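K.L.:
Below are the structure tokens for one structure; questions will follow.
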Amino acid sequence: MSYLVPMVIEQTNRGERSYDIYSRLLKDRIIFLGGPVTDDVANLVVAQMLFLEAEDPEKDIFLYINSPGGSISAGMAIYDTMQYIRADVHTICVGLAASMGAFLLTAGAKGKRQALPNAEILIHQPLIGGGGISGQATEIEIHAKHLLRVKERMNRILAERTGQTIERIEADTDRDRYMTAEEAKEYGLIDEVLEKPNQPKK
């Protein structure tokens, strides 16, 4: 099901200009990752990061995440780009950051990984997509070995990003592990739970 993307109108000294909401947010260095992490989505996110990096490598990029996860290779393309560019990527979870969504949430710059109070974070081991594996025994063995290598690499990165031991990460990702925003902070997946900003006194 497709949704209508809202348009916003901005007044400039040259008259009115209309943007779709995501393009307008991009002007403020905000990227929104909403939905599954697919190759197409990853390409868009990477392209936006590279554009913002070229515009100003000293300014933070804000990546808002509300995602059930998705493709490992697509997610790793986003992860590697986040580490490659000079601009700090500030990650914020709104709603849900599950699986690869949680991995990208914790990949933000240290001290700049946040979640809203009612957000949920889910970590687990890498899954095989497509409803199962079929093929020759040797091909299944190749896929299984590859998945174990991917699992080991992702666990190592999670351990580095959270400060947890590899053994703890392996145990906690063996099955689905849901966390509240506060629990994710205690675990080291994020640095801060965002509360309402201070309101000016009347």
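Note that Cβ sites are derived from N, Cα and C of the backbone, with glycine treated the same way.
From Swiss-Prot, for reference:
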ACT_SITE  Ser99  active site, nucleophile
ACT_SITE  His124  active site
K.L.:
Got a sec? Which of these active-site residues, Ser99, His124, has the most Cβ atoms within 10 Å?
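P.N.:
Of the active-site residues Ser99, His124, the highest Cβ count within 10 Å belongs to Ser99.
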K.L.:
Can you tell me the three-state DSSP label for the residue listed as 'active site'?
P.N.:
coil
K.L.:
Quick one: pull the CA-CA distance for the residue listed as 'active site' versus the residue listed as 'active site, nucleophile', whole Å only.
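P.N.:
If we compare the Cα positions of the residue listed as 'active site' and the residue listed as 'active site, nucleophile', the gap is 6 Å.
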